[in-house]
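Have a look at the structure below, then the notes.
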Amino acid sequence: MVPGQAQPQSPEMLLLPLLLPVLGAGSLNKDPSYSLQVQRQVPVPEGLCVIVSCNLSYPRDGWDESTAAYGYWFKGRTSPKTGAPVATNNQSREVEMSTRDRFQLTGDPGKGSCSLVIRDAQREDEAWYFFRVERGSRVRHSFLSNAFFLKVTALTKKPDVYIPETLEPGQPVTVICVFNWAFKKCPAPSFSWTGAALSPRRTRPSTSHFSVLSFTPSPQDHDTDLTCHVDFSRKGVSAQRTVRLRVAYAPKDLIISISHDNTSALELQGNVIYLEVQKGQFLRLLCAADSQPPATLSWVLQDRVLSSSHPWGPRTLGLELRGVRAGDSGRYTCRAENRLGSQQQALDLSVQYPPENLRVMVSQANRTVLENLGNGTSLPVLEGQSLRLVCVTHSSPPARLSWTRWGQTVGPSQPSDPGVLELPPIQMEHEGEFTCHAQHPLGSQHVSLSLSVHYPPQLLGPSCSWEAEGLHCSCSSQASPAPSLRWWLGEELLEGNSSQGSFEVTPSSAGPWANSSLSLHGGLSSGLRLRCKAWNVHGAQSGSVFQLLPGKLEHGGGLGLGAALGAGVAALLAFCSCLVVFRVKICRKEARKRAAAEQDVPSTLGPISQGHQHECSAGSSQDHPPPGAATYTPGKGEEQELHYASLSFQGLRLWEPADQEAPSTTEYSEIKIHTGQPLRGPGFGLQLEREMSGMVPK
């Protein structure tokens, strides 16, 4: 028994109250000579056919082989004597009107068969049924205890349709519909087909246990329905099965969608899609296409396949970029391909990020190698050289580059490339801090470098004068880097203080200036050559003081000339004095005009780096000494007396590399002797020589 389901009552309980008065008690006795085998419960779907197999045996009593045997199937509560059977082989007996032509006794009771065929089962047919056999005069028996129950169920079974999974457009196809409920002697159902892919003549019904349909699909038939109908009864009981046609076609309707940081996907439209993302973001690219059979999907960056799918896999292919990098920029193409064709869609991905690795590339004259400089770098450049600064950074979109110097914007050398700054031959005014700015919507950076201008020594001096202790000389030089100064007396290097107290050297320095004063005590020998030399890595200069005529230098109150010179020398000096007075007056007028412009270049003898020098330098602004330099200041009423005023430049050259040895050049400049404390001695004179080596500014 099935729990919770109502079970049919036993035939004895149903038939006994009705049949007992009719049949008498004897007919209900269970005689072992009578037996019947039948299925206790027979299910049948409504409208279908079922065969109830049945076998019986009865005693050979009152009949022989020629005696006809009659069998009757009665519905429960029907009197065998007065009621109509639902099926019988007795032609003289009327059957129940509702079961006529549907219930048929197909078995031969004379041969021990009582099988029953039930066609087009109806809901009202559900009941108990028992069999009665009659043969001869004595066999009259109803098998009440061997009845069966006919269970009529709802029709849930559907036909099976056999069709290829994918139909080729333009190619004939055969479809079969089968309903697996066929019994021998049961009538065949009626089959029919409906669908958009079929012409009306294809929908005519046919009667069989299966149906075969042939047609030629077209691409338009894809995703349409095809239905097989199976009809079983005159009351319209039927079953049907619908299949969806899958006609092959090339990929179409390719769609790309994206999602940022695990957000919902956003579908993108356009022939070529442009997408901007920021560096470091999470990005998921999705690609889907409609095709039959399913297409193989792939993501391609440039010509490199990043991922692909199988036709039997998911219909959507995803590509995840975790922490997008700058190198992920490029054209991503989704391709969908099957045996009938292909389709693709492109996406241009631009990864945006602020300036990175900002640096300055430096190109200097006579150098083929570029230097990469970072922030805070000090850049030494030789005066007169050309300089090219290129600001370089990585960003997307490109950052806006600009140059400033001490906070003031510097115009680019090439407007089309604002990151390039070209400086003309470097001068002192170019010294300072240069800053490249890289401005970007996502952030900005800057890099600064300090430009220092280097140049070789510019010698000022030596200049000498008599003082109470002896001869006092001073020498100064300006250079970058700061120069070194040394004194030579003849071939002897003078450093510090002499142990005998014959000389004393006092050095000093301030910024680019180097100063040195020399005090000589005692008598000086004839053929005196006193030399001051300044040098740094870029070159050297030197100046010398000579004693022109032999004799002994003495400190006195005037300039005495030896009797050996005679009256001719006196006349010559008188002539020179007149000439000098005239020159000094002219030079003083010129000096006043140049004083304001040349105050920042102190020099007693005039800087060599000017490229030329006026013959008249006395009283000019360059007579101002450098910081810390020892000078002689004329007293009130004293006049400077010019004894020698000759200046020559020989073989001046442009800057040359420091490792190339340059020839020395001798120059002559003015010697000033103050009349208050003159140098005197028999036949004495002073001459200044400058030796320049290394490189000379243009």
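Glycine too: its Cβ is placed from the backbone N, Cα and C atoms.
Quick caveat, the model's predicted, so the values are computed rather than measured.
Features of the protein shown, as given by Swiss-Prot:
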DOMAIN    31-134  domain 'Ig-like V-type'
DISULFID  C49-C186  disulfide bond
DISULFID  C54-C114  disulfide bond
DOMAIN    159-244  domain 'Ig-like C2-type 1'
DISULFID  C177-C228  disulfide bond
DISULFID  C287-C334  disulfide bond
DOMAIN    355-452  domain 'Ig-like C2-type 3'
DISULFID  C391-C436  disulfide bond
REGION    596-635  region 'Disordered'
MOTIF     642-647  motif 'ITIM motif'
MOD_RES   Y668  phosphotyrosine
REGION    675-698  region 'Disordered'
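On the structure: features taken from Swiss-Prot.
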residue : record         : DSSP class
C49     : disulfide bond : coil
C54     : disulfide bond : strand
C114    : disulfide bond : coil
C177    : disulfide bond : strand
C186    : disulfide bond : coil
C228    : disulfide bond : strand
C287    : disulfide bond : strand
C334    : disulfide bond : strand
C391    : disulfide bond : strand
C436    : disulfide bond : strand
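Among the disulfide-bonded residues listed here, namely C177, C186, C287, C334, C186 has its C-alpha nearest to that of C54 (disulfide bond). Per-residue confidence over the motif 'ITIM motif' (642-647) averages 37 (mean pLDDT, predicted model). In the structure shown, the C-beta of C228 has more C-beta neighbours within 10 angstroms than that of any other entry among the disulfide-bonded residues C49, C228. Helix, strand and coil counts from DSSP across the domain 'Ig-like V-type' (31-134) read 9 helix, 40 strand, 55 coil.
Note: the CA-CA distance between C114 (disulfide bond) and C177 (disulfide bond) rounds to 34 Å.
Cβ neighbour count for C54 (disulfide bond): 25 (other Cβ atoms within 10 Å of its Cβ, all protein chains included). When the C-alpha distances from C49 (disulfide bond) to the disulfide-bonded residues C228, C334, C391, C436 are tabulated, the minimum falls on C228. The DSSP breakdown of the domain 'Ig-like C2-type 1' (159-244), given as helix, strand and coil counts, is 7 helix, 38 strand, 41 coil.
Nearest Cα neighbour of C186 (disulfide bond) among the listed disulfide-bonded residues (C177, C334, C391, C436): C177.
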